[in-house]
Amino acid sequence: MCQEKVLSLQNLSMSYGSKSVLNNINLDVYAGQIIGYIGPNGAGKSTTLKIMLGLIEEYSGTVELFGVDIATSGYSYKRKIGYVPENAELYDNLTANEYLTFIGELYGMDKSKAAAKAKNLMQQFDMEDVLHTRISSFSKGMRQKVLLISSLLHNPDLIFLDEPLNGLDANSVIIIKDILEQLVAEGKTIFYSSHIMEVVEKISNRIVLLKDGEIAADGTFEQLRKQNKQGSLESIFNQITGFDEHKQTAEKFVQIVTDGDYDE
Amino acid sequence: MMSKFALKTLDLLQPFFRILRIDYAMMRKILETKLTMDERRTPTIFASDASNKKKDSNQFVKSLLIYVLYGLILVPFLFFGNNYIFQISLIFGISMFILMTSMVSDFSAVLLDVRDKTILHTKPIDSRTISAAKITHVAIYMSMLTGAFISIPAVVMLRIHGIAYFMLFLVAIILLILFIMTITALLYIFILRYFSGEKLKDIINYVQILLSVGIVIGYQIVARAFEIVDFNYIYNFSWWNVFIPPMWFGAPFELILNRDTSLGMMILSSLAVIGPIVSVMFYYKLMPAFERNLQKLMGSTEKTKPKRWNMNAMWEHLFCRNKEERQFFRFSSLIMAREREFKLKVYPTLGFSLVFPFIFQFNYLNLHTFEELSHSNMYFTIYFCMMFIGLVVMMLQFSSKYKAAWVFQVTPIVHHSSIYSGTLKAFIIKLFLPLYLLLSIVFLFIFSIRILPDLAIVLITAILHTLISYKVLNNRKYPFSEVFESTQQSGSTMKSFLLMFVVGLFFLVHLFFSKIIYGVYLYLVILLVTTIISWRIVFKMK
């Protein structure tokens with residue numbers, strides 16, 4: 001693994017009003033890593049991504065991407081980043097071709113080059129027949145593929161993925177996993193944020209667990225397993241986030257469901 | 001085609017954008033995409049069908065025709081001599097109202113599009129360029145809209161007042177658009193700074209409602225204004241005039257065309273130039289803050305406090321027969337109060353029904369005294385408040401979240417008849433009754449207690465009419481279960497017009513009985529019995 005530092009967060013803190021979201025995060029990421037970025041809802045995962053993408057500016061601490069501080073470097077660092085947002089936001093009045101070309105151009109690509117590349121990539125997903133169809137008619141899985149293509153079109157070095165497998169069928173999931181692995185082999189860095197622990201466990205070569213705005217665990221899956229004496233990432237996750245009451249909660253829940261106070 | 005023209009025109013302004021350090025090529029690309037999307041907006045039903053590109057004419061262009069008609073309202077003012085400060089201030093006051101409310105209601109979506117945040121701001125583009133694209137996008141539409149709005153007045157103007165007047169008007173209206181656009185954006189910045197995104201959406205919703213009510217009522221007021229206002233009025237400058245923007249734009253006409261170089265005119269005229277420029281500068285400064293606060297629209301973590309249910313619980317138990325009826329009463333009340341699209345389509349008509357009964361009384365007052373009015377039978381104008389019932393009852397079947405109606409299909413509802421009876425009761429009690437009570441109180445003041453039985457008749461007629469409207473128009477199983485787009489089915493529009501005649505019929509019967517001694521009481525009893533029986537029949541439980 002080459003040791004080029006792609007991303008570095010130093011004392012990163014962020015709060016909305018009085019509510020602290022990120023608390024003194026320190027993280028260095030090197031080229032060729034797939035980071036499984038996990039944590040319970042509201043732990044600050046999306047906020048971290050948004051800060052690195054320049055969507056949020058009022059943080060404290062330093063964020064360095066590709067060795068430059070993004071607070072002072074201007075926007076050009078974004079050229080090397082690809083991003084799949086969590087809730088499949090895209091301009092769905094456009095056709096897949098129009099959308100992908102537009103995004104390519106936004107990343108500074110040549111129009112015809114972006115169009116050709118988009119077409120080729122769509123073909124690989126067997127979607128060439130819907131290239132000129134509006135995205136609004138696409139299924140959730142198709143949209144997700146379009147989003148994925150749009151994030152990779154410009155050959156980025158650092159890729160942020162927020163629940164990228166949302167709505168994809170089992171076969172597509174396998175393809176995407178393989179794509180990610182090969183991208184990393186090419187020296188790309190992937191920041192993978194998800195709630196599906198099985199996938200994170202398999203894909204990532206490093207796992208960072210966020211809890212209440214702080215890094216609660218950081219290491220390979222093997223390391224985490226040794227430290228926590230648990231078999232799967234899911235149970236490690238439960239242990240670290242202090243959630244050991246799932247049995248009791250489930251029992252209570254079912255008890256309330258089956259409680260016989262339903263009157264006809 | 002239209003967007004190509006707009007972009008070509010924009011190319012002429014290229015140097016201006018370069019001065020502001022905006023990446024013009026990138027901005028043009030964003031605009032081109034946005035305009036393409038706009039041309040495809042609305043008919044969601046055909047969304048899957050990309051092949052019929054020819055039908056993709058921009059809905060907006062069609063709506064421009066309406067603005068051409070709106071423009072007619074300015075024409076009469078042009079005939080009022082050379083008292084420019086008065087005449088032009090009125091014209092600009094009206095223009096400002098119409099343009100600003102349209103800006104809020106039609107283009108807020110552009111200013112507040114949060115998809116831009118994830119799609120554009122994550123790309124290597126200067127945020128100043130994105131903001132510029134946004135405001136230019138709005139500006140393109142605003143200039144077309146304004147162009148349509150002033151097209152007829154412009155022709156009249158050229159004929160009556162000549163070219164100098166027209167050129168001055170053109171410059172003034174451009175300054176006005178700049179002012180309106182930036183002031184609206186500044187208003188949003190302010191609201192987003194202190195309130196949640198949901199609050200802003202509510203405010204926009206109410207402005208949309210205000211626009212539709214304002215235009216209709218505005219016409220009525222303007223039409224009457226000429227009888228009241230004295231156009232030979234001599235203008236004296238007062239300090240508070242500087243806070244009325246339409247007057248800024250009236251002043252240059254006095255200054256240049258009438259050579260009135262008094263201090264007041266100088267101050268107001270300079271404000272016509274300074275005002276827009278300062279607001280643009282503020283906008284330029286605050287835009288980054290605006291983009292940051294837009295974040296609020298994406299995640300609403302706002303907690304609503306559970307409201308006191310006492311009132312609703314009371315209504316429910318007073319008027320609903322069984323549990324299911326109560327449920328749907330509650331559900332429908334909530335939807336009617338919260339769904340923005342429903343409110344947008346229905347609340348303006350509520351406004352009309354509140355105003356129309358009085359408009360005819362004002363007409364009457366033109367020829368008669370108040371004393372005569374209070375002894376007349378002009379209280380029958382209260383029937384106008386019933387005109388909208390048919391429309392609202394029709395609207396009760398639509399919702400923007402119509403798909404959620406599957407819950408009615410999968411749940412074991414026992415009394416299907418209770419569904420709509422609960423909904424109709426919610427409409428009568430939550431929407432109609434407040435309106436009716438308000439009108440009744442005012443009417444009792446005007447016409448004295450003698451009209452009490454007549455008012456009772458009106459209330460019962462309204463309930464009966466609601467039932468008839470439901471039978472004629474609706475007759476569906478579940479409320480709020482159809483998509484809004486299907487509203488335009490010609491059949492139901494025809495029917496809702498017919499229902500207005502039914503109201504007329506009710507009025508005639510009422511009028512007839514009012515001529516007979518004790519006829520009113522007789523009619524009241526007949527009506528009451530009929531209503532109760534027909535309600536029972538329509539919503540009979542199996």
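Cβ atoms here come from the backbone N, Cα and C positions, even for glycine.
Taken from TrEMBL, the feature transmembrane segment covers B:64-85, B:91-114, B:135-157, B:163-191, B:203-222, B:263-284, B:346-365, B:377-396, B:427-449, B:455-473, B:494-514, B:520-539.
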Can at least 3 Cβ pairs under 8 A be found between the transmembrane segment (B:427-449) and the transmembrane segment (B:346-365), with each pair 6 or more apart in sequence?
yes
Cβ pairs under 8 Å with the transmembrane segment (B:91-114): which stretch of B:163-191, B:377-396, B:455-473 has the most?
B:163-191
Which listed range (B:377-396, B:455-473, B:494-514) shows the maximal number of Cβ pairs under 8 Å with respect to the transmembrane segment (B:346-365)?
B:377-396
Which bits of the chain, at least 6 residues beyond where the transmembrane segment (B:455-473) starts or stops, bring a Cβ under 8 A of a Cβ in it?
382-383, 385-386, 389-390, 393-394, 420, 424, 427-428, 432, 436, 440, 443-444, 492, 495-496, 498-499, 502-503, 506, 510, 520, 523-524, 527-528, 530-531, 534-535, 538
Which of B:64-85, B:263-284, B:377-396, B:520-539 has the most Cβ pairs closer than 8 Å to the transmembrane segment (B:163-191)?
B:263-284
Below 8 angstroms Cβ to Cβ, which residues of this chain, lying six or more residues outside the transmembrane segment (B:263-284), approach it?
20, 85, 135, 172, 175-176, 178-179, 182-183, 185-186, 236-237, 241-242, 245, 247-252, 254-255
